[in-house]
Ligand SMILES: [Zn+2]
């Protein structure tokens, strides 16, 4: 695909097709959406939420899972909060997700020949045995990601964190948990 992409890109720039995409750096709605990388959501999700590109910061990761306090998802989020004045976070999982019940071993079996370098320690090896695991419950996964966000020492307490599920065909949203204070 690369040659095709680069050829098109020359036309895109020379014909100034970028002009309709020029935006402010900060999102209009001060919101971050953490969702799955599933390609079905790329256009559907913002339209289903009545959001434009300029309205929100998008962080995508497999299954909208946030398994660690100090991984790259959390790093992106902390930067978004501090640089883009984010006030609200939506964690949006979706039905028919590839991470549903995924086991690390399923991926290893597809790659046929998994061999760990000799200098890999036992600690790394045991980590890699379940590193790619998915989740067993859509709702529990969303709640777990929300809890990870809310427990992070660098996420200010006044940031609202909501959890939702989206249908990747119809765009219908189901609220899993609201971050509104009652
Ligand atoms: Zn997914």
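Here the Cβ of each residue, glycine as well, is placed from N, Cα and C on the backbone.
Feature list (source: TrEMBL):
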- 36, 38, 94, 97: Zn(2+) binding site (BINDING)
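A Cβ within 8 Å of the Cβ centre of 36, 38, 94, 97, the residues given for Zn(2+), is found for these other residues of the same chain: 35, 37, 40, 41, 63, 64, 93, 95, 96, 98, 99, 166, 168. In the structure as shown, the Cβ atom of residue 36 (Zn(2+) binding site) sits within 10 Å of 22 other Cβ atoms.
For residue 97 (Zn(2+) binding site), the number of other Cβ atoms no farther than 10 Å from its own Cβ, over all displayed protein chains, is 22. A simple Cβ count within 10 Å picks out one of the binding-site residues 38, 94 as the most packed, and that one is 94. Residue 38 (Zn(2+) binding site) falls within neither a helix nor a strand when secondary structure is assigned with DSSP, and so counts as coil.
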